[in-house]
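Going by TrEMBL, these are the annotated features:
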BINDING   Glu74, Asp117, Leu119, Asp120, Asp262  Mg(2+) binding site
Amino acid sequence: MASSHTVLMRLVASAYSIAQKAGTIVRCVIAEGDLGIVQKTSATDLQTKADRLVQMSICSSLARKFPKLTIIGEEDLPPGEVDQELIEDGQWEEILKQPCPSQYSAIKEEDLVVWVDPLDGTKEYTEGLLDNVTVLIGIAYEGKAIAGIINQPYYNYQNNEKEKLREHGNEAQAGPDAVLGRTIWGVLGLGAFGFQLKEAPAGKHIITTTRSHSNKLVTDCISAMNPDTVLRVGGAGNKIIQLIEGKASAYVFASPGCKKWDTCAPEVILHAVGGKLTDIHGNALQYNKEVKHMNSAGVLAALRNYEYYASHVPESVKSALIP
């Protein structure tokens, strides 16, 4: 019976199923071939049919089941009837078997804020770099990110120059036995699940950063950290997955541009396994419903050795980025 479970764990279990449906929608839009691309504020700020459908699916599914939640989504969509096919009312039973951390057991629905990025890495999605794409559902309480769900619709998708999407064929390619897609979830005080935790090689400074929003501040900050390798990829969710799977040692983005819906869910996954995500000054990010959406002082994150990266941020970069 649902009533025997805490609000938080019921919400996480529902959000898991909703995120899985979102991943299916993302794949269907690609398969149908018409991405319905709209330019928002610039050529690198895009919205597709998948962004719109997934946000409608996530927000409507959550609001039906948890009507007192505050839900903040990236896309500014007109109100209207949502197709019943977009509604997901299931919940992931495995999550309901987990104990709720005691500090969250009495949380009420109206105390929670959910930050939704329906398609993190939209530009990469339009370019066929599908392994950069994630769906993000972050849950905050008293301004702090406490639970998160990341769906990777194209996990196991083998994406390289030879296997890019055909211009008109549009089907994703995976290995013969590969299951396409996965969902990662976590709750502070409980842990993070759905992936194999791995640390980046010791003594190596492998920095992951923006692929399409770079500038002098970003490059100056990275140079000051004496990187061995710099990875330029799309999506905040994707970058945090690189940290927890040992592909990168730090995520450095010394610029405004990233928003609360980009960082809420990934931050939880990283913090649940002992990592740290802050702004470029070392301040924790705030996720209460009144907060401004822009992470105007950038993002700095690492699974291990966070202090090394924080101590190498140049003063000139800090003074240019006001929280």
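Using the three backbone atoms N, Cα and C, a Cβ is placed for every residue, glycine included.
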Fewest-neighbour residue among binding-site residues, criterion Cβ within 10 Å, set Glu74, Asp117, Asp120, Asp262: Glu74
Residues close to Mg(2+) site centre defined by Glu74, Asp117, Leu119, Asp120, Asp262, Cβ within 8 Å: Asp51, Val116, Pro118, Gly121, Thr122, Thr134, Val135, Leu136, Gly235, Ala236, Gly237, Lys259, Trp261
List of residues, in chain order, with Cβ under 8 A from that of Leu119 (Mg(2+) binding site) and at least 6 apart: Val26, Thr48, Ala50, Asp51, Val54, Tyr125, Val133, Val135
